[in-house]
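Chemist: Feature table excerpt (Swiss-Prot):
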{"type": "ACT_SITE", "residues": "287", "note": "active site, proton donor"}
{"type": "BINDING", "residues": "172, 238", "note": "Mn(2+) binding site"}
{"type": "BINDING", "residues": "175, 176, 177, 189, 190, 191, 194, 195", "note": "prenylated FMN binding site"}
């Protein structure tokens, strides 16, 4: 289903019983986090806080608090259908002409969707109904959440950050958290490998000393938001992918202060710049790991223009020990990753990122094993194929008779098919998550691969065990009399 903007999505969620309006006064300082956290852990609805303490602007949280709501936002009927999104991405990553009429007909839906990828630029847009600039810019008008007791300041969490480097035509969209440090200043916390950081670095090389234009959109339509967190190919704009998801072209409008394009239906837009050399200490903040992160310096975003829709809604979230909203997104996006990986490694049967592993720090892969050493090839491939997995610390590879999503199955495979010395691969001095304080050096650590597959000749000299399997005829006979036996009542 198509959603023209965030408000349309909210209306559909409410109609489906997936949104709860809270009219009681709730404080953005800690209280919204506690209510949102309890709701998410119970699989509850999105929340619209209509009366934030001290503010007139409502706050939307838990928008993507269940995998099914993520699928809805991507225009799909359920989580399983997200595999189709992964199929689109795998084709866009490595497009191939159809080989014959049959393949042409199979790929026709993709070709039709591609027509929705170019953006549609408007001359005016709802996101610019109200305009504040210069001294009138005031972030204090926005009920920015202060999520955890140890957080240093309020934190913008769903800021859709729009940048363009000097060497690329396409714009980059990314979600980076932003600490509020003044009425017109935020800290732009992005890691070196993220698209926005790369654009800024290249800008400073090409235009030394010049200000770098940046726009942050809050409350865009769901397809645009989710497009920014999906592993789209580097050559493809997230706006284009959002059009593919939505089934209609993404409507944008030129920013007032620069040539960047912003989502036309966004609730709030912050325009401004990064001044080269202007840094500020960011953090500590409670993060998706379940811990407070270290303090480090990041660029300062100075806001020159703040535009809004009338009666704007502030879209927010919190991060903490899983499950949180990023973990839920990880569960849903897991389905998108499977076809991408299978295109490169057809032997992969399933791929699972357990949410308890902070969404990406551990992966379980099942394969149709073909030769000795196959599991090691796959684990090395996972670490290197997609940028999203460069921070995955543990990769467990099992045979296709194991359910990657069932820990009982996976643990059985590890304990019966692995020799710790032979089947463990350790790699040192690799890129690691900056937030991973367990690594010996910030941003640099090790990885472990576990080969929990059945071993082939060449991998072992011993006769390998045969799994116990009941006779199929006996199973069918017992099935036929099971209800009559009434053993379990």
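Including glycine, each Cβ sits where the backbone N, Cα and C put it.
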Chemist: At its widest, how many Å does the recorded prenylated FMN site span between Cα atoms of 175, 176, 177, 189, 190, 191, 194, 195?
Modeler: 14
Chemist: List every residue in the same chain as residue 175 (prenylated FMN binding site), at least 6 positions away in sequence, whose Cβ is under 8 Å from its Cβ.
Modeler: 158, 159, 160, 161, 225, 228, 229
Chemist: Does anything in the same chain, at least 6 positions from residue 287 (active site, proton donor), have a Cβ under 8 Å from its Cβ, and if so what?
Modeler: 293, 319, 320, 435
Chemist: Long-range same-chain neighbours of residue 195 (prenylated FMN binding site), Cβ under 8 Å, sequence gap at least 6?
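Modeler: In sequence order, 163, 172, 173, 174 meet the Cβ cut-off.
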Chemist: Given residue 177 (prenylated FMN binding site) and residue 238 (Mn(2+) binding site), what distance in Å do their CA atoms have, once rounded to a whole number?
Modeler: 18
Chemist: Might you list, by sequence position, any residue in that chain lying six or more from residue 190 (prenylated FMN binding site) with a Cβ less than 8 Å away from its Cβ?
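Modeler: 161, 174, 176, 196, 197, 298 - these are the non-local Cβ neighbours of residue 190 (prenylated FMN binding site), listed in sequence order.
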Chemist: For a quick check of understanding: among the binding-site residues 189, 194, which residue's Cβ has the most other Cβ atoms within 10 Å?
Modeler: 189
Chemist: Would you count the other CB atoms within 10 A of the CB of residue 172 (Mn(2+) binding site), including those on all shown protein chains?
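Modeler: For residue 172 (Mn(2+) binding site), the 10 Å Cβ neighbour count is 20.
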Chemist: Identify all same-chain residues not among 175, 176, 177, 189, 190, 191, 194, 195 whose C-beta atom falls within 8 angstroms of the centroid of the prenylated FMN site's C-beta atoms; report them in sequence order.
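Modeler: Near the prenylated FMN site, the remaining chain residues are 161, 174, 188, 196, 197.
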Chemist: Looking at the binding-site residues listed here (189, 191, 194), whose Cα lies nearest to that of residue 238 (Mn(2+) binding site)?
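Modeler: Closest by Cα: 194.
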Chemist: Which secondary structure state does DSSP assign to residue 195 (prenylated FMN binding site), in the simple three-class scheme?
Modeler: helix
